[in-house]
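Here is the structure we will look at.
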Amino acid sequence: MTASRGDILARVRAQFGNAPPARLGVAVSGGGDSVALLHILAHCFEVGSVELSAVTVDHGLRPEAADEARLVAGLADELGIPHTVLRWTGWDGSGNLQARAREARYRLISDWAKSTEVAVFALGHTADDQAETVLMGLARRSGVNGLSAMPLRRVMHGISMVRPLLNTSRDDLREYLTTRGIAWAEDPSNNDQNFDRVKMREALRVLESYGLTAQAFATVARNMAQARESLDWFTFLTARDIATVDGGDVALDLRQFRTLPEEIARRLLVHAINWVGGQYKGPRHAAVTQALKSVRAGLSITLNGCHVQRFSRQIWISREYNAVSALRAATGDTWDRRWRCDGRSERPLEIRALGREGLNLCPEWRLTGRPLASLIASPAVWDGPELVAAPLAGRPDGWDAWLVGGEEEFFASLLSH
């Protein structure tokens, strides 16, 4: 049975609670789901209560993308909503295209949102997307996180992302658009069998005849999400007991870590790696399993841009030097997406990793109580080849290095997923 317009508006409005954000961004690709979301959001709040902004990301991968952006611009103009097009030029032909494009999309949206002071962004994922994600998780033999699929809300790169259509089917949205004469674009990649999600979409059509519908899988995802919430809460309490944040690194008490249930140990280690490395998607299950074995055996490893080692009766997670060695930033800018350096200088200086050569110029680095692997990956201030300051390695020389999000963010973000 197709949901009525009133049902859809009420369902979406309910996802924002009693106090919707004063400013709300909407990611609109031009496809049916996101076009419907934009139209629904334009009509489900009291007039003037929510200021909407539409954003389209052009990945530069298809010539049709420009036409789709113009379609969105036209719809946004009809609704009186400002529209912005963001362009990605970072595809070099390597890695997983869909994963790289997705990460770039969220990064571009988050950066734009921060620059315009939009704290909440709406995404157009539906119950069908949720079902496909659950199926992909089953194919990967995922645990609770993978089967909980996409959360209604998640903080990514400092911006709250909300998916108000997760309980609404794709068919209902197409019906909503068709009855109102609203046009949308069909992405040809939605029929490309080279993509796993398209294969799962086809599998779902077969499974529906056995009662395994999109709504059934979406219900499984909600049940798993409740289990995940409980696990996240226990992991948060555990982190408060055994984790210390030190200069952007995370140190876990080794003795207490060894006594943790396997799932909690896994979650805590993954969260530490994600937070230190600035990632929102963790390493694969098999990689984490191997990492846990290595750490418990006293071996040092690198994973997702982080260095993990046993140090002074602790498991110490720091940034991996090779992951930051090529990064450069002016002293007024953010380095490695998380560090700022403040100090006085009469000429432009540069922030880059300290490295071993820089560490050799810091005779008191051992007094910091932090491992060498951490210090060589820490931010330092340079004037060409000359080291000016290494605030985290015992040579501040009038400079200070501080985390943009603050150290408390490590604990808070355990519950903000």
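Positions of Cβ are set from backbone N, Cα and C atoms, glycine also.
What TrEMBL says about a protein is an automatic prediction, not a curated fact.
Marked as domain 'tRNA(Ile)-lysidine/2-thiocytidine synthase N-terminal' by TrEMBL: 25-202.
Listed in sequence order, T56, V57, E68, V72, G124, A185, D187 are the same-chain residues six or more apart from S29 (ATP binding site) with CB atoms under 8 A from its CB. Under the heading ATP binding site, TrEMBL lists S29, G30, G31, G32, D33, S34.
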Along the domain 'tRNA(Ile)-lysidine/2-thiocytidine synthase N-terminal' (25-202), what average pLDDT does this model show?
89
Shell of the ATP site beyond S29, G30, G31, G32, D33, S34, same chain only (C-beta within 8 angstroms of their C-beta centre):
V28, V35, A36, G124, W184, A185, D187
